[in-house]
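Following this message is one structure expressed as C-alpha cells.
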Amino acid sequence: MDKGTLSCGYYQIKWPYYEDCGQPGGQGENAWKQCSDDYNCATTCVQRYINKYAYKCQGVGPCEQTARLHNGGPNGCNDGGTIGYWNAIHTCCGCS
C-alpha cells in the first residue's frame, strides 16, 4: 500500500497495478488513465490482477481475497495493514 502516488478511475488503479494486470487498455501512461476511467476495462484489469495473485491468498473467501489483494498488492492477504480495509468492505457489503 503506497501512499502519495497517483491512482485513477473506478478502482483507484495505480500504474504498477495496471502493468501487473497486463495493460488491457494498451501500453503507456495515457492508456492506463483511459482504462482506469472505463468501467469495463478497469474491471478487466482488477479481475486479471486478482486471478494472477489469488494463489497467494488461500483460506479466505473470494470477497476478502479480492479486497485484500486489491488494497495491499500481491501479498495483501499476509499484510496486517489490509485488515482495516477488508473490515470496511465486509461491513459495507456483507460479503465474505
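Cβ coordinates come from backbone N, Cα and C, glycine included.
Keep in mind it's a predicted model, so treat the numbers as computed, not measured.
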According to the record in TrEMBL, which candidate from Cys35, Cys45 pairs with Cys41 in a disulphide?
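So the cysteine paired with Cys41 in TrEMBL is Cys35.
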Disulfide partner of Cys21 per TrEMBL: which of Cys8, Cys45?
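Looking through Cys8, Cys45, the record in TrEMBL gives Cys45 as the partner of Cys21.
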Just to verify a number: CA distance, Cys35 (disulfide bond) to Cys21 (disulfide bond), in angstrom, no decimals.
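With the alpha carbons as reference points, the distance is 11 Å.
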Including all protein chains displayed, how many Cβ atoms other than that of Cys45 (disulfide bond) lie within 10 Å of its Cβ?
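The Cβ of Cys45 (disulfide bond) has 26 Cβ neighbours within 10 Å.
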